[in-house]
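Record features, source Swiss-Prot:
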- 23-43: transmembrane segment (TRANSMEM)
- 58-78: transmembrane segment (TRANSMEM)
- 96-116: transmembrane segment (TRANSMEM)
- 126-146: transmembrane segment (TRANSMEM)
- 155-175: transmembrane segment (TRANSMEM)
- 178-198: transmembrane segment (TRANSMEM)
- 201-221: transmembrane segment (TRANSMEM)
- 224-244: transmembrane segment (TRANSMEM)
- 265-285: transmembrane segment (TRANSMEM)
- 298-318: transmembrane segment (TRANSMEM)
- 334-354: transmembrane segment (TRANSMEM)
- 367-387: transmembrane segment (TRANSMEM)
Amino acid sequence: MNHSPQSARPVSIMRRFLDSEAAGGITLMAAAALALIVANSPFAQTYFDALHLYIGPLSLAHWINDALMAKFFLLVGLEIKREMLDGQLASWPNRMLPGIAAAGGVILPAIIFAVLNHDNPAKLRGWAVPSATDIAFALGVLSLLGSRAPSSLKVFLATLAILDDLAAVVIIAIFYTAEISMPYLGAAFITAAVLFVMNRMGVVKLLPYLISAVILWFFVFNSGVHATVAGVVAALMIPLKPAPGRPDDMTSPLHKLEHTLAKPVAFIVVPIFGFANAGISFKGLEASVLGDTLTLGILLGLFLGKQFGVFGAAWLAIKTGLAEKPMGASWVQLYGVAILCGIGFTMSIFIGLLSFPSDLMQTETKIGVLSGSALSAICGYLLLRAAARPKRG
């Protein structure tokens, strides 16, 4: 009996994807912990000096945040396109629950942050910081439960996080754009148009797309729009099918590039970003920072806003018949996953760096993100572990 690649793909691809994300999450946790240790050790000055070392026109920190992270956003774009066209988000019924839950998880944290910081325009720029979910961290924590967590919950969390990433990309493009240079922006549009034409003409070799993506990054970087947006735009132009008229399979340009990028991004790019940006020196840091509305807005937005926003929106969608509850999952388990959505880290810190130019505000942002993410990870894991425990008697 013959099985098409289409029928064999979902289980094997999702398992491999989840395994990679889980391992990547653990690597990211280790990188963040190491950054905190180094930033409070005798090597702290060397660590901070290295990040501010200029290599060509940019500092090392900027190369990491603007250039290296473009690969992360390229992978995010590939995942979004694959899931929307040929994956868990390919049909409206499948999109409803994670889509509605993701919307709740973006809106409520932003409201909590805005309520606490409404009287300070400088701080209010960070309203989007607690609205993100770190897919590697969250899936890494969920994977610690093994088979005790239904696979439907893992699919729900993965698809919700992908939609969360999509929302974050849109937010970055719209709200965190500097002064626009029209010549560079025009050149970026022309380059994107070239990518689109190549896609429509049936070009399936990756090299022309990758060369055009680098050119697009250069123009977007100089246009004032954040350069990482170039990674997502380029990803959306990569063909999903191996050739015009043929069905999607693992030989398609998109699948090949996604497979090539997955491990380097999970084990090199994101951990380097974590190591470069999670380092907080507690030397001379006043206790009042912990009670500052910026720190509290992010902490409470991630820990409370995310869980109530995601679970509340999901509960409403299920109860009104707009969506179905993940198969085999209890309400308690769904709530546990909603808590895990408060693990913001990568995207939250990234948006924080775009929001605040001052070192103090960036430090407060990182403290809020790290503490909110840690609380969400610990509480979500403990609740899910308790919910999976077999009943006695």
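The backbone N, Cα and C atoms fix where each Cβ goes, glycine too.
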Best-contacting stretch, by C-beta pairs under 8 Å, relative to the transmembrane segment (298-318) and drawn from 23-43, 155-175, 367-387:
367-387
Tell me whether the transmembrane segment (334-354) sits in contact with the transmembrane segment (178-198), defined here as at least 3 Cβ pairs under 8 Å among residues 6 or more apart in sequence.
no
Per the Cβ filter (under 8 Å) with a sequence gap of at least 6 from its ends, the transmembrane segment (155-175) is approached by 14, 17-18, 21, 73, 76-77, 79-80, 83, 88-89, 94, 97-99, 101-103, 105-106, 128, 131-135, 138-139, 142, 225-226, 228-229, 232, 310, 326, 329, 334, 337, 340-341, 347, 351, 354
In the same chain, which residue numbers or ranges, 6 or more beyond the ends of the transmembrane segment (96-116), come under 8 angstroms Cβ to Cβ?
88-89, 124, 126-131, 133, 156, 159-160, 163-164, 167, 293, 296-298, 300-302, 304-306, 308-314, 316-318, 322-326, 338, 341
Under 8 Å Cβ-Cβ from the transmembrane segment (224-244), and at least six residues away from its ends along the same chain, one finds 66-67, 69-78, 80-82, 85-86, 169, 172-173, 176-181, 184-185, 188, 192, 195-196, 198-199, 202-204, 206, 209, 212-213, 216-217, 251-255, 257, 350, 354
Select the range from 58-78, 126-146, 367-387 that forms the most Cβ-Cβ pairs under 8 Å with the transmembrane segment (201-221).
58-78
Looking only at the recorded stretches 58-78, 126-146, 178-198, 367-387, which one has the largest tally of CB-CB distances under 8 Å to the transmembrane segment (265-285)?
58-78
What residues in the same chain, six or more past the boundaries of the transmembrane segment (367-387), come closer than 8 Å to it by Cβ-Cβ distance?
32, 129-130, 134, 137, 141-142, 144-145, 148-149, 278, 280, 289-290, 294-303, 306-307, 330, 332-333, 335-345, 348-349, 352
